[in-house]
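Structure first, then comments.
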């Protein structure tokens, strides 16, 4: 395995649930610090990193709709949850002396900068980790879609999707011990098989922009850096 990173600019997608650890709600600071240390390791390798965090540990917009409420309002609440998570992760990174900026799709200048592609590219060029908050800024779009969109806008060479397991399996390995992990799939195979990697819009957007999706376990300390150098357990979704 090469010690040099395979990718120089990447987008890391982390779910809100990843930040809550074993808790049933909110943010486990120890977990946030550990994820931050993995990102810091990538930065020390010279990799430019953008991050999209979900908000499911705080609120899910679909929960409002399922109870008969307004989906748009619910999604706005979920977007605010992603901003809380982004600020928490930024705090963990700054404790490690990693220069970090939060760019929000929802304008709130007293708290963080507003997103623009120009600001993104500037901060990346200055060596900062850029955390994208607020999803796409629009209801009905998941943070997976936000990850694919921001990856395309920042010119990322790959999307790293940190999940609960170390890749894409034929079935849920926690429920079906005989499930097997795919080493490699195409974007179209993911769509045709209905594999729950990212939502359909996100996978399609990644495919249209020729961005590979690398699925790995976000719970393995040092796993992000290992995969950046070509090692580790993972599934690569790519048409190349």
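Placement of Cβ uses the backbone N, Cα and C atoms for every residue, glycine included.
Taken residue by residue with DSSP, residue 13 (ATP binding site) is part of a strand. Counting only same-chain residues at least 6 apart in sequence, those with a Cβ under 8 Å from the Cβ of residue 13 (ATP binding site) are 51, 52, 54, 143, 144, 147, 159, 160, 161, 162, 198. Look at Swiss-Prot and you will find 13, 14, 15, 16, 56, 60, 163, 164, 169, 172 tagged as ATP binding site.
A mean pLDDT of 86 is what the model gives for the region 'Involved in allosteric activation by GTP' (21-26). What Swiss-Prot records for 21-26 is region 'Involved in allosteric activation by GTP', and it gives sequence analysis as the kind of evidence.
Residue 136 (UMP binding site) falls within neither a helix nor a strand when secondary structure is assigned with DSSP, and so counts as coil. Counting every protein chain shown, 21 other Cβ atoms lie within 10 Å of the Cβ of residue 136 (UMP binding site). The UMP binding site feature in Swiss-Prot is assigned to 55, 75, 136, 137, 138, 139, 140, 141, 142, 143; the stated evidence is sequence analysis.
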With Cβ-Cβ distances below 8 Å as the criterion, list the same-chain residues six or more beyond the ends of the region 'Involved in allosteric activation by GTP' (21-26) that contact it, or say none.
57-58
Determine, to the nearest whole angstrom, how far the Cα atom of residue 136 (UMP binding site) is from the Cα atom of residue 15 (ATP binding site).
15
If I restrict to non-local contacts, at least six residues apart, and a C-beta distance under 8 angstroms, what lies near residue 138 (UMP binding site) in its own chain?
105
Taking only the residues the record lists as binding ATP, namely 13, 14, 15, 16, 56, 60, 163, 164, 169, 172, what is the largest Cα to Cα distance between any two of them, in Å to the nearest whole number?
25
Could you tally the C-beta atoms, other than its own, that fall within 10 angstroms of the C-beta of residue 55 (UMP binding site)?
27
